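**Q** Below: one structure in structure tokens.
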Amino acid sequence: MGTPEFPDLGKHCSVYYCKQIDFLPFTCDRCLQVFCLDHRSYMKHDCPKGNRGDVTVVICPLCAKGVRLNPDEDPNITWEKHVNTDCDPSNYEKAVKKKKCPVPRCRELLTFSNTIKCRDCSIDHCLKHRFGPDHSCSGPKKPESSFSFMGFLGTNTKEAPASSSSSSRWSSLFASAEASISRLGNDISQKLQFASGSDGNSEKTQERNGKQNCGKVTVDVCPKCSRGFRDPGDLLKHIDKDHRGTSKA
């Protein structure tokens, strides 16, 4: 076998009826024997360990999960282990029943590549019905109205409070709010009355002082004859005319 230069070159095929010499032989990774080109596969040389590298998966009809069979174990034992531990019948509908487009008469299955979520209604549709008019979109959801405190104050306060803790809390809140509003209104009215009263009193005092000033009359008396004059000019004229311009204090 081989040549004088390369005595180890080439080997005979391990198949008993072949025994062909091959200078580029193949070594089986299962039985570790040498084969020629025609018998290199597991099936061609009937490898006894060829099925150990194969992966066999059986789909469970109860839960639709894959059960991997162990080559060194009996398939019945592997099946019993799965049924007693991992089998979940509720998963069958999730795995088998595929999601479809919700548009009537559309049988398109929704997958990763053909699923579009609508911006307004947030529902998954196929590519054909991805636009709003195509799937009769109901539009975006209206935001819930926020709680109106003034509307709550306008409710009837004579209604009987509920027995729950939430109703008693709201009733106490309403009572405190109403008391604070009434107190604020009383303070404002008192301040307005005080301001208007102070303005009226100041006007009355000014008028009274003006009348008093108007009622007072100053009289100048002549030092000679003790005659009284309201106007100082008349007094000077009287002194020049009647007393010839002389007067004593």
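Just so you know, glycine gets a Cβ as well, placed from its N, Cα and C.
TrEMBL: automatically predicted annotations, no manual curation.
Residues or ranges marked as compositional bias 'Basic and acidic residues' in TrEMBL: 201-210, 228-249. Annotation source TrEMBL lists domain 'AN1-type' at 7-55, 95-145. The domain 'C2H2-type' annotation in TrEMBL covers 220-248. For 193-213, 226-249, the entry in TrEMBL reads region 'Disordered'.
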**Q** If you run through the domain 'AN1-type' (95-145) with DSSP, how many residues end up as helix, strand and coil?
**A** 5 helix, 6 strand, 40 coil
**Q** What are the helix, strand and coil residue counts for the domain 'AN1-type' (7-55) according to DSSP?
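**A** Breakdown, helix to coil: 3 helix, 8 strand, 38 coil.
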